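Here the structure is laid out as structure tokens; the discussion comes afterwards.
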Ligand code: SF4
């Protein structure tokens, strides 16, 4: 390479915590503060290793299912939401519950219930096995079928092709989802759209920001965990938008030095469940290796916040 090397970092904005993750993590912190440990959490509260490890150290106990929670104990439902069956199990075991389901996931549940009441066939675009999809599908299992990719569309069977609606997981790639929906619409021309976008604002904004910087980047680093759908999508979006390479890392220490060979511009972003401290760790790591010049590429301002789950809000009694 020539002497005109210019090592720089482009930092995507928005990145990191969304309103739903912020609320869910705070819900566990508040539950620990108000009730003391142990506080049980069904599934990972958000899909991030660091967050789960930090909350575990403070007394949160993460379980896969409610039957692992002692009767009468306090359990938090994660940001990804739960099916009515899980709520029923928690009631049977007389668990005290705090629902940290993101309000934007709840919105999709409401849509599923409404279209099921109106007897639509609901095509849910999403990833099989993802907790959010299990929760949404559980709202109306007899009306909902999962469509993972455009290739799946050929095998979809509905009762009445005139009465079909698509909904989606909140954390998908916007472009891929639209491809799947186009294929669905070819088969079902009167396919109804969701009343409003199901892919949430945070997922969309983080993808737009990555798309804006990726064409200038020899390498894009996405901070996020492997089971974080929106983080994995950011790697894919970076590659399809022209990044030379893109990798997902939980921590700076996972960066392979060989990725930096011959690289000038590095793009950096993080998934919606990633605390900023982990991004700072990567910035410090890169600065030590000559990438001290950091420029933020901003494509949107985010101001949305959600209030805490009602079980944790201060009681008005006695005021
Ligand atoms: S990624 Fe979107 S749907 Fe998921 S918690 Fe964040 S705001 Fe809610």
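Glycine is no exception: its Cβ is also placed from the backbone N, Cα and C atoms.
Because the structure is a prediction, the values reported are computed rather than measured.
Around the Cβ of residue 18 ([4Fe-4S] cluster binding site), the same chain contributes 200, 201, 202, 272, 273, 302, each under 8 angstroms and 6 or more positions distant in sequence. Annotation source TrEMBL lists [4Fe-4S] cluster binding site at 18, 102, 200.
Less than 8 angstroms from the CB of residue 229 ((2E)-4-hydroxy-3-methylbut-2-enyl diphosphate binding site) sit 47, 127, 130, 132, 169, 171, 172, each of them six or more residues away in the same chain. Sequence annotations record features per position, and here TrEMBL assigns (2E)-4-hydroxy-3-methylbut-2-enyl diphosphate binding site to 47, 80, 130, 170, 228, 229, 230, 273.
Positions annotated as dimethylallyl diphosphate binding site by TrEMBL: 47, 80, 130, 228, 229, 230, 273. DSSP assigns residue 273 ((2E)-4-hydroxy-3-methylbut-2-enyl diphosphate binding site) to coil, not to a helix or a strand.
Annotation note: residue 228 ((2E)-4-hydroxy-3-methylbut-2-enyl diphosphate binding site) sits in a coil segment as assigned by DSSP. The annotation isopentenyl diphosphate binding site is assigned in TrEMBL to 47, 80, 130, 228, 229, 230, 273.
If you look up TrEMBL, you'll see 132 marked as active site, proton donor. DSSP assigns residue 132 (active site, proton donor) to a helix in the three-state reduction.
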- What residues, ordered by sequence, lie under 8 A Cβ-to-Cβ from residue 228 ((2E)-4-hydroxy-3-methylbut-2-enyl diphosphate binding site) and sit at least six positions away in the same chain? 47, 48, 171, 271, 272, 273, 274
- Around the Cβ of residue 132 (active site, proton donor), other Cβ atoms within 10 Å, all chains included, total 25
- Query: Counting only residues 6+ apart in the same chain, whose Cβ is under 8 Å from the Cβ of residue 230 ((2E)-4-hydroxy-3-methylbut-2-enyl diphosphate binding site)?
  - Reply: 171, 202, 203, 206, 224, 271, 272, 273
- Once near-sequence residues are set aside, which residues in the chain of residue 80 ((2E)-4-hydroxy-3-methylbut-2-enyl diphosphate binding site), 6 or more away, have Cβ atoms under 8 Å from its Cβ? 43, 47, 101, 102, 105, 130, 131, 132, 135
- Item | Neighbourhood of ligand 1 - recorded positions from 130, 132, 229, 273 with Cβ under 6 Å | none
- Query: Taking the Cβ of residue 102 ([4Fe-4S] cluster binding site) as the centre, how many other Cβ atoms fall within a 10 Å radius?
  - Reply: 26
- Item | Spatial neighbours of residue 170 ((2E)-4-hydroxy-3-methylbut-2-enyl diphosphate binding site) that are distant in sequence (at least 6 apart) but have CB under 8 A | 102, 104, 105, 108, 132, 198, 199, 200, 203
